[in-house]
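Below is one structure, written out as structure tokens; comments come after it.
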């Protein structure tokens with residue numbers, strides 16, 4: 001069975017209750033299914049806390065974090081360090097054998113600079129599946145942070161939705177984007193069960209989909225097109241539904257190519 005990538009986002013990394021629910025769902029799923037799982041994560045809340053503690057400004061452009069050269073080390077420490085190891089600690093607590101990685105390990109995802117105006121922000125492209133496939137074949141849960149590296153050795157902060165998309169293309173995997181919201185909401189706050197590119201463009205034009213959700217929807221649309229299969233956006237809050245979601249039952253918004 002093809003692997004499943006679960007991209008973690010929102011305040012999940014900041015909530016012990018959310019992490020407990022997630023890892024309990026992962027344990028339950030792994031006990032009854034053979035499907036290999038991969039976690040990809042960002043950690044914006046971890047970065048924001050660190051930046052605030054250091055009195056550094058947080059600047060975003062089109063939903064993407066501007067990352068100056070003097071901040072990439074801090075952001076790498078927060079994402080590939082604190083956020084990644086926090087997830088590994090929760091996996092250990094739940095007796096799941098896991099391995100912490102960043103996008104550059106084994107050239108799993110290739111990264112180039114996205115835009116000079118954004119600084120050390122990377123564009124992710126599919127890379128080599130060898131390392132992660134080897135880990136999956138041996139029963140490990142790879143936990144991959146959204147820090148990448150260019151061919152000339154520059155560390156890059158990559159939007160985690162886009163990183164997960166590139167890794168899904170690398171592995172031929174299905175993709176779920178887990179966030180704080182139960183999916184994409186319409187103008188009345190109701191969940192939209194299915195979303196096409198034309199519907200997304202309409203809601204963006206109407207100002208209903210804004211900011212970071214635009215990045216998330218576009219990443220999901222890109223993923224659906226690249227993978228040739230639907231991509232799910234859903235919430236981690238409904239833990240009892242997560243095993244069904246991991247098995248292909250939509251509980252949030254299903255993005256169609």
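Here the Cβ of each residue, glycine as well, is placed from N, Cα and C on the backbone.
Keep in mind that this is a model prediction, so the values were computed, not measured.
When Swiss-Prot records 43, 44, 65 as binding substrate, the matching candidate from 157, 218, 247 it lists for that site is 157.
Rounded to the nearest whole angstrom, the C-alpha distance between residue 157 (substrate binding site) and residue 182 (ATP binding site) is 26. Summary: among the binding-site residues (184, 208), the fewest other C-beta atoms within 10 A of the C-beta are counted at 208. Excluding the listed site residues 43, 44, 65, 157, the same chain places 42, 47, 75, 78, 79, 146, 160 with Cβ atoms within 8 Å of the centre of the substrate site Cβ atoms. Between the CA atoms of residue 44 (substrate binding site) and residue 7 (site 'Transition state stabilizer') there is a gap of 13 Å. Taken residue by residue with DSSP, residue 216 (site 'Transition state stabilizer') is part of a helix. In this entry, 180, 181, 182, 183, 184, 185, 208, 209, 210 make up the residues listed for ATP, with the farthest two CA atoms of the set 17 Å from each other.
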